Amino acid sequence: MTTAKRPLALLILDGWGYRENTHNNAIFHANTPVLDRLNAQYPHSLISGSGLDVGLPDGQMGNSEVGHINLGSGRVVYQELTRISKAIADHEFEQNPALCDAVDSAIKAGGAVHIMGLLSAGGVHSHEEHIEAMCRMAVARGATKVYLHAFLDGRDTPPRSAKTSLSHFDDLFTTLGHGRIASIIGRYFAMDRDNRWDRVSQAYDLITQGKSKFQYDNAVTALEAAYERNENDEFVSSSAITDADGQVATLQDGDALIFMNFRADRARQITRSFINPDFDGFERAVVPKMHFVTLTEYAGDIKAPIAYPSENLVNTLGEVLQKQGRTQLRISETEKYAHVTFFFNGGKEEPFEGEDRILINSPKVATYDLQPEMSSAELTDKLVAAIESTKYDVIICNYPNGDMVGHTGNFDAAVKACEAVDACIGRVVDALAKVGGECIITADHGNAEQMTDETTGQAHTAHTSELVPFVFVGRNATIDEGGKLSDVAPTILTLIGEAIPAEMTGKPLIHIKE
């Protein structure tokens, strides 16, 4: 006969932040007697779920994917943009082995260093600060032939904003004494992801042959001509930029080509056209034998050196529980099921041994303001049954309502969503009390606490950077202030009497009074 468990439940209230301003604050205006009572009776604080505290740029609002990765891994997991920017600031970037090898191989072969990527300050697929650091590093290591192939943005930036970036890089190369912009083309062509190979081929031919619709002696001139043709940045036609002698710079055998996009989805196709031996998306007139490097990992089947490989998160909470022979349950609705499983487990799809999963279908409605309670009652039925079974040591549950209804911008519906979740929490807490269990109530990021944009007066449908609640319903305890999401996993391990692995850099926030 199995021993009855006294479960510890982690209840993640998605999109549930704390905001001092009560105006258009659905969480404040909701009738939440259960949470009000728990906050009055039990220790609680606020923790951070945004910005640098979760591995995002300073001030950047949190999101569900990042939030659950931090919650489950017990460490701040730097997202690619932040990770690379931090490496540049710490002067680690210039020593990156994959990048150094590429530059050095080109220099040794008497070749050129070609740098391509989305020249943008948008920070979604790339960042021009990363491209600048690469140009500086190449010249610092002795490269005299450095060529930038600029893909222009206009989607994650204003439609006609590339002039500032192009002018900056012209000035940069003048300052460095080496290098120049060799070509420009809109991301519509270079960064297609829908197998429209006729678009990608134009970028490939531009870089490998200098084959272009237009040719200019200056990148800004080329851009201005594109605007005259009524082409915004995203759609700029292939334009080769010549040097003082009227020559174009093309990718040759022995050269290096470094792709500076950090987001994978729109980087895969053009990468495959450069490196796949059996590529058949379009006919390649030339296939240079060069040293190709990707900034991050684009896909498992793309065989090229990677400057910043994906971090393999070991000893996440789920893995530690498995190693210690503990049982665990992950439960949520469809909308957040991946978050309490795949993302909480650090990007691992398969369940750990001893990990059960329950998926509750989210309601089939056009938008969730039409059913703000979503499937919370059914979810709670299953959760209460799991608690009463005394089968699990740790239960991870996500209530999606605050986030999914918050995204609709419907204030009244968001209030109802919060009230539905509050009622569910009451049932969960009662069930835990009957079996001697405990729970932590927190959130992954804010949303429903701000339903109107104070500046424009329009609906605020995005996440926020507000702090999120952290409540411990259990033994007599104190809670440290100033916590963040990555402190939650170490806290759980401490509460169930397990050691915190070295990989977890978060700190336990709850201290039981003996």
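Count begins at 1; order follows the chain as displayed.
Every residue gets a Cβ built from N, Cα and C, even glycine.
Same-site candidate for Mn(2+) 2 binding, as annotated by Swiss-Prot with Ser64, Asp444, His445, chosen from Asp14, Asp369, Asp381, Asp393: Asp14. Of all the binding-site residues listed here (Asp156, Ala264, Asp403, His407), Asp403 has the Cα closest to the Cα of His445 (Mn(2+) 2 binding site). Cβ-based crowding with a 10 Å cutoff singles out His463 as the top-ranked of the binding-site residues Arg193, Arg266, His407, His463. Following the DSSP three-state reduction, the secondary structure of Ser64 (active site, phosphoserine intermediate) is helix. Max Cα-Cα distance over the annotated substrate binders (His125, Arg155, Asp156, Arg187, Arg193, Arg263, Ala264, Asp265, Arg266, Lys336) is 32 Å. Ranking the binding-site residues His125, Arg193, His407, Asp444, His463 by Cα distance from Ser64 (active site, phosphoserine intermediate) puts Asp444 first. Here the CA atom of Asp403 (Mn(2+) 1 binding site) lies 29 Å from the CA atom of Arg193 (substrate binding site).
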